[in-house]
Structure formats: C-alpha cells, structure tokens
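For reference, TrEMBL has these:
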type     : residues : note
TRANSMEM : 12-35    : transmembrane segment
TRANSMEM : 41-64    : transmembrane segment
TRANSMEM : 85-108   : transmembrane segment
TRANSMEM : 128-151  : transmembrane segment
TRANSMEM : 163-182  : transmembrane segment
TRANSMEM : 207-225  : transmembrane segment
Amino acid sequence: MAEINAPSYVRRLIAETFGTFLLVFGVIGVALNYGGEAKPLVVGLAVGIAVLGGAYAVGHISGGHFNPAVSIGAAAAGRLPWKDVLPYIAAQIVGGLIATLIHFLILLTAEAPTAAAFAAVSNGYGNGFAALLPVLILEVVITAVFLWIILSVTAEGSGAGGFAPLVIGLALALFHFIAIPLDNASLNPARSLATAVFGGVEPLSQVWLFFVAPIAGALIAGFTWKPLFGRK
C-alpha cells in the first residue's frame with residue numbers, strides 16, 4: 001500500500017512531463033537564438049540551469065529524471081521499478097514535444113524558416129557533425145558517466161544532500177560543452193526526438209542513434225554502479 005503522503009502516480013507523470021518540458025524549452029530556446037562560438041557555452045549553461053530548476057521544483061515528486069536514459073538507468077540500478085519506465089518515458093516525450101511545438105509556433109508566427117531552424121539544433125552525425133562511430137562512442141560514454149554521477153549523488157548517505165541537483169546540473173552542462181561541437185549533444189532521447197520531429201527528414205532518419213547510444217550508456221551505468229561505487 002502506498003504511503004498516504006506519497007505523490008500519486010499521475011502527479012509523478014505530470015512532474016516528469018513538466019520537468020522535461022522545462023529542460024527542452026530552455027535548451028532549444030537558447031539554441032535557436034544563439035549560435036557561433038558562444039553556442040556550446042550558452043546552451044550548456046541553459047540545460048544545466050533548466051535541469052537544476054526542474055529538479056528543485058518537482059524532483060521530490062517524481063525523482064526528477066526528465067530523460068528516458070535516466071529512467072532506464074535508475075531502473076537498472078534498482079532505483080525505479082521497471083513497470084514505471086515506459087510511463088515515465090511517455091511523459092518525458094510528451095513534455096519535450098510540447099516544448100518544441102511552442103517554439104515551432106513562435107517561429108511560424110514570426111515567418112521564420114522552421115524546418116531549417118530545427119534541423120540546425122537537432123542531433124546528428126556526418127554532414128557537418130562528427131561521423132557515426134565517434135558520435136556513438138561519445139554518447140554512450142558521456143551518458144554512462146552522467147548516470148554514474150546521478151546515481152552517486154542521489155544515493156543514501158552520499159553527502160550531497162540538497163546540493164545533488166546542482167551537481168547534476170553542472171555535470172550536464174559539462175557534457176554539453178564537450179558534445180555540442182560534435183553532435184549537438186543529446187544524452188536525452190526525449191530532447192533528440194522533440195527537435196527531430198520538426199527538423200525534417202535528415203534529423204528523423206538519424207534520431208535512432210540518439211535513442212540507442214544514451215540508452216546503452218544508461219544500462220551500462222545502471223548495472224555497474226552498485227559493484228563499482230555502491231556502499232559495501
């Protein structure tokens with residue numbers, strides 16, 4: 001039986017939808033409006049701030065995943081029941097799509113070129129990005145390390161306490177600084193799908209990689225965290 005004060009399941013899904021909306025709305029809004037050499041810095045800071053705000057706002061309700069890879073990694077580590085993974089992912093995808101739809105409508109009413117704008121902020125490989133294999137390796141590695149950090153700072157007795165969201169936000173910003181020049185930085189299938197849907201044929205044809213690689217990294221981290229970093 002659930003505890004009386006435990007967040008209801010619907011509230012948890014709403015929290016995941018809202019948190020993912022905030023993350024995607026922030027990072028894509030900044031990416032659409034800033035470019036050039038400043039782009040990795042401003043987008044990295046935006047995504048870190050967005051996940052920090054979302055975690056403090058609704059993390060106590062749902063766990064503050066806002067990312068299918070995080071939910072899968074949490075389940076692999078025994079932090080989230082596997083039966084909750086698909087509903088969490090569905091909520092996250094909905095949140096990301098709503099965020100991107102709003103930006104699409106803003107561009108549409110401004111009579112700006114929408115597909116080209118979203119293609120420019122979508123994740124990809126080749127044709128201006130790094131090749132497929134380097135992008136695959138990069139996304140697996142940075143997602144795995146990101147999940148190890150999340151699982152460590154949110155573990156019981158970690159010492160991070162209320163600073164865990166700050167650590168997670170800074171880590172996510174760091175990985176965006178690294179990955180934006182190579183593939184526009186994913187680590188998050190919901191974010192990748194949200195822009196690909198509005199970006200045209202090429203982003204949609206490549207979005208599979210930004211599901212496979214982050215999920216693989218999340219599974220690696222989830223299944224290895226306890227033997228590597230868990231308390232003995």
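Note that Cβ sites are derived from N, Cα and C of the backbone, with glycine treated the same way.
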- line: Comparing 12-35, 85-108, 128-151, 163-182, 207-225 for Cβ pairs under 8 Å with the transmembrane segment (41-64), the winner is 12-35
- line: Most Cβ pairs under 8 Å to the transmembrane segment (128-151), of 12-35, 85-108, 163-182, 207-225, goes to 207-225
Query: Restricting to the same chain and to residues at least six past its boundaries, which positions have a Cβ under 8 Å from a Cβ of the transmembrane segment (163-182)?
result: 39-41, 43-45, 47-49, 51-52, 55-56, 59, 64, 129-130, 134-135, 138-139, 142, 145-146, 149-150, 153-154
- request: Using a Cβ-Cβ cut-off of under 8 Å, list the residues of the same chain that are 6+ residues beyond the ends of the transmembrane segment (207-225) and lie near it.
  value: 67-70, 72-77, 122-123, 125, 132, 135-136, 138-148, 151-152, 183, 186-189, 192-193, 196
